[in-house]
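To start, the structure under review is shown below, and the notes come after it.
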Amino acid sequence: MATKRDYYEILGLPKDASVEDIKKTYRKLALQYHPDRNKDPGAEDKFKEISEAYAVLSDTEKRAQYDRFGHAGIDNQYSAEDIFRGADFGGFGDIFEMFFGGGRRGGPMGPRRGSDLQYDLYITFEEAAFGVRKDIDIPRTERCSTCSGTGAKPGTSPKRCPTCGGTGQVRTTRSTLGMQFISTTTCSTCHGRGQIIESPCPVCGGAGRVRNKRTITVNVPAGADSGMSLRLSGEGDSGEPGAPSGDLYIIIHVMEHRHFKRVDYDVISELSITFTQAALGADVMVDTLYGKVKMNIPAGTQTHSVFRLRDKGIQRLHGHGKGDQLVRVIIKTPTKLNQEQKELLRQFENLSKGKKPQEEEKSKAEKHKKGIFEKVKDAFES
């Protein structure tokens with residue numbers, strides 16, 4: 001399957017483009033590539049591509065989802081028709097017909113599509129990082145098994161509506177000032193279904209649907225983050241007889257972790273070290289999502305220094321590598337010192353503030369200073 005182009009690239013706009021700029025650019029490109037105006041073989045495909053980009057970027061919610069998760073955020077949350085639903089295409093009212101042959105889901109006539117449902121799913125930090133399968137219980141309307149969704153009593157069947165002849169629509173013609181006006185309305189006898197039920201099903205009362213609780217398995221991909229939405233097509237409420245079911249939208253909420261935070265696909269953590277480890281350097285063990293990892297603290301490290309552990313972050317959506325773990329070190333300052341520790345620190349301070357020795361004494365001083373530091377380390381880490 002061909003990779004979709006970036007929506008901003010399609011419209012030739014920067015990512016911070018205003019809604020007004022997006023609309024203005026769309027109108028210009030739509031006029032240029034509309035199949036009624038442009039007879040080039042690729043014009044219709046280009047027009048569809050432009051219209052899809054506009055439908056997403058002109059909608060605040062869809063644009064935010066796209067900016068955060070890319071095409072995966074749109075494809076996981078919206079059906080093909082939902083992408084275009086609600087978009088203002090100006091004078092290009094044939095968009096829906098061009099894409100879907102005029103079949104508008106949940107339109108004003110005919111049996112109604114089932115309602116979409118939403119479920120808030122809470123997962124742990126680790127589950128978001130590595131992915132998880134969750135079984136959830138969803139209360140929803142389903143097709144009645146007694147009447148197989150027809151709404152009619154077993155052994156009987158719905159009859160064609162005598163008022164509309166099974167179309168679900170009634171056309172009315174009236175003449176005014178010598179001109180004829182034709183209007184089409186939903187049939188009031190069958191309420192747009194085209195059928196009437198003379199003997200309703202005793203279980204569903206003729207609705208063709210009943211309320212049930214269904215267990216559904218949700219596959220949360222590795223790299224999921226709070227605010228991400230997963231669309232499960234057809235897992236919403238059942239539609240009226242002859243109409244499709246709605247969709248189920250799973251909204252992801254990632255619970256906070258005691259030690260880790262997340263920025264995009266990077267993991268942020270803190271590590272406390274002693275001031276002797278910071279001054280002399282040391283190898284320390286760091287907790288990661290993948291277990292403990294050895295990390296080197298170089299001599300002279302300052303508090304709040306940040307070290308990067310490559311590929312110890314979170315799996316990117318759809319398997320394109322991992323983020324890193326950023327470890328910020330915090331140097332612990334001792335609060336209770338015994339007499340020996342105080343004396344050693346005073347000796348070290350005196351050496352640090354002392355005048356530079358002569359060349360022949362420098363070596364001795366350096367050795368003495370090192371000896372003091374080793375004593376300090378032993379005193380504070382024993």
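For all residues, glycine too, the Cβ spot is worked out from N, Cα and C.
Look at Swiss-Prot and you will find CYS144, CYS147, CYS201, CYS204 tagged as Zn(2+) 1 binding site, backed by sequence analysis. Per Swiss-Prot, the feature Zn(2+) 2 binding site maps to CYS161, CYS164, CYS187, CYS190. What Swiss-Prot lists as compositional bias 'Basic and acidic residues' is 371-382. Annotation source Swiss-Prot lists domain 'J' at 6-70, citing sequence analysis. Under the heading region 'Disordered', Swiss-Prot lists 146-168, 348-382. Taken from Swiss-Prot, the feature repeat 'CXXCXGXG motif' covers 144-151, 161-168, 187-194, 201-208. According to Swiss-Prot, the feature zinc finger maps to 131-213, an assignment based on sequence analysis.
A Cβ distance under 8 Å defines the sequence-distant neighbours of the region 'Disordered' (146-168), meaning residues of its chain 6+ beyond its ends; these are 109-111, 186-190, 192-204, 206-209, 238, 241.
For the binding-site residues CYS147, CYS161, CYS190, the greatest number of Cβ atoms within 10 Å around a candidate Cβ is found at CYS147.
Taking the C-alpha positions, the distance from CYS161 (Zn(2+) 2 binding site) to CYS201 (Zn(2+) 1 binding site) comes to 18 Å. In this structure, the CA atom of CYS204 (Zn(2+) 1 binding site) is 23 Å away from the CA atom of CYS187 (Zn(2+) 2 binding site). In terms of DSSP secondary structure, the repeat 'CXXCXGXG motif' (161-168) contains 0 helix, 0 strand, 8 coil. Annotated pair CYS187 (Zn(2+) 2 binding site) and CYS201 (Zn(2+) 1 binding site), C-alpha to C-alpha distance, rounded: 22 Å. Straight-line distance linking the Cα atoms of CYS190 (Zn(2+) 2 binding site) and CYS147 (Zn(2+) 1 binding site), rounded to a whole number, equals 18 Å. The Cβ neighbour count for CYS164 (Zn(2+) 2 binding site), using a 10 Å radius and every protein chain shown, is 22. Long-range neighbours of CYS144 (Zn(2+) 1 binding site) (same chain, six or more residues apart, CB within less than 8 Å of its CB): GLY151, CYS201, VAL203, CYS204, ALA207, GLY208, ARG209, VAL210. Around CYS201 (Zn(2+) 1 binding site), taking its Cβ as the centre, 22 other Cβ atoms fall within 10 Å, counting all chains.
Taking the Cβ of CYS204 (Zn(2+) 1 binding site) as centre and 10 Å as the limit, one finds 22 other Cβ atoms among all the protein chains shown.
There are 20 other CB atoms within 10 A of the CB of CYS187 (Zn(2+) 2 binding site), with all protein chains counted. In the three-state DSSP assignment, the secondary structure recorded for CYS190 (Zn(2+) 2 binding site) is coil.
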